[in-house]
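What follows is a single structure, written as structure tokens, with notes after it.
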Amino acid sequence: MTGNMHLGVEEPIRECQYNQICTHNSSTMDTPHTKKKKIKRKWQVFPGRNKFYCNGRIMMAKQTGVFYLTVVLILVTSGLFFAFDCPFLASNLTPAIPAIGGVLFIFVMGMLLRASFSDPGVLPRATPEEAADIERQIDTANGPSGPGYRPPPRTREVLINGQTVKLKYCFTCKIFRPPRASHCSLCDNCVERFDHHCPWVGNCVGRRNYRFFYLFILSLSLLTIFIFAFVITHVILRSNRTGFLSALKDSPASVLEVVVCFFSIWSIVGLSGFHTYLISSNQTTNEDIKGSWSSKRGKGNYNPYSYGNLITNCCAALCGPLPPSLIDRRGFVQPDTPQPVAQTNGTGACPSNQVQSHMT
Amino acid sequence: MATEFHNLQELRHSASLANKVFIQRDYTDGTVCKFQTKFPSELDSRIERTLFEDTVKTLNNYYAEAEKIGGQSYLEGCLACLTVYLIFLCIETRYEKVLKKISRYIQEQNEKVYAPRGLLITDPIERGMRVIEISVYEDRGSSASSSGSSTTSSSGR
């Protein structure tokens, strides 16, 4: 809820039920630009390194080249399958084959686009007041420091289900990261339940899009195996009639499909298997790589987030509630609100200066 | 009682500066959304402890309801998966429904409980679910000393 916005100092303060006073000092910082009628949407002033499309509806990482490669590979391989192999298979075996293939293909593309285009669970950066409040708490906790004294690393310890977890302070976002959150250096955002940054998907994989990512790789494994199996079947059936070499000549696309599928299967099926293991133990790739919950770290080190039950872990990851996006990409920037800490100054307001000028 | 201020400098130096109190998240139950019910000292003279705790506890219950993993969420998840998540173009997720309830609750609390005491709660969703921000407004007629810490006078929104 925003207070009364009074940029013009000549206007009388509107009477309210409570003495809500506009203490905006943005008028002193105002440049003529902020008074113009064009109001920006929040994605336009987003401090992270993301790209936005469709007026903020689509959100991706900065480097998207590999994502386009993924799309092209899937489209081309599936396209060739439907164009060259399916007619033969439909007429000689059953039309269910292209039907199932079609359903799988739609599911794969749907999940890929959903994983790539959605907000992975980015945590918005702290507002200047929040950042100041946290700084104050850290300073009182650490005690006074001299000019040359390097303050100790900022951490907080929390006891979660009997396990001590360290919360780290993010210097970029000016927040204490929630448990399981991590800062993605490529996107320059803190992401909740950060799994990894996937270049194939062109986005971070985090709390909000992990299930789409998992369903994507799972369905892609099935699609790859499906195409591989039925292309081989097609070539074999044709070879029985016309001989192997002429079968290949009649259906050259099959060779390409087999090669692509053969090399993809190892990596994608392997990745699906790995993520199935992660889901069943309720870990993230990040935690697994760091060995956060490994017993090698010490006796009694266990994963406090696991529900203990394989089925429950899977259901929670895949069928749990889908949290909303916290960054409100398409909302409008309130012209008087100072922007959270950004690398570059936002709408003319300098948040850090504002905070310091009010420290008495 | 409309008072006219001729410049904002005068405003800032008056006794009516706003202060902000932040209620942080409580992570002892894991990553579920839950706020600390510890009563901040800055609100000591402004509001009764029980009222404050009631508000925070109700909010925590709402968030727990939103994030509950049970029959309904499974149904929603499976249905969504079968429709390639296109169903969310038509219907709202349960989380979104609960967030709307929370919004209405906070508005109601502001009108009935907090505004008469010169306080204002900001919906946590506007702060990335990190904090409950409570803005403290000074009573214009009261003495100049502000309640709570006087070392930081943060800028108002």
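For all residues, glycine too, the Cβ spot is worked out from N, Cα and C.
Any TrEMBL annotation is an automated prediction that lacks curation.
Annotated transmembrane segment per TrEMBL: A:66-84 (among others), in sequence order. Same-chain residues lying 6+ beyond the ends of the transmembrane segment (A:66-84) with a Cβ under 8 Å from its Cβ atoms: 60, 98, 101-102, 105, 108-109, 112, 116, 199-203, 220, 223, 227, 230-231, 251, 253-254, 256-257, 260-261, 264.
Taken from TrEMBL, the feature transmembrane segment applies to A:96-115 (among others). For the transmembrane segment (A:96-115), the residues of the chain that approach it from at least six positions outside its boundaries are 70-71, 74, 78, 81-82, 86, 89-90, 198, 201, 203, 205, 209, 212-213, 215-216, 219-220, 222-223, 226-227, 230, judged by C-beta separation under 8 angstroms.
What TrEMBL lists as domain 'Palmitoyltransferase DHHC' is A:166-290.
What TrEMBL lists as transmembrane segment is A:212-236 (among others).
Per TrEMBL, the feature transmembrane segment maps to A:256-280 (among others).
Residues annotated as region 'Disordered' in TrEMBL: A:333-360.
Annotated compositional bias 'Polar residues' per TrEMBL: A:340-360, in sequence order.
Proximity of distant same-chain residues to the transmembrane segment (A:256-280), defined by a Cβ-Cβ separation under 8 Å and at least 6 residues beyond the stretch ends, is recorded for 73, 77, 80-81, 85, 213-214, 217-218, 220-221, 224-225, 227-228, 231-232, 235, 288, 310, 313-314, 317-318. According to DSSP, the domain 'Palmitoyltransferase DHHC' (A:166-290) comprises 74 helix, 19 strand, 32 coil.
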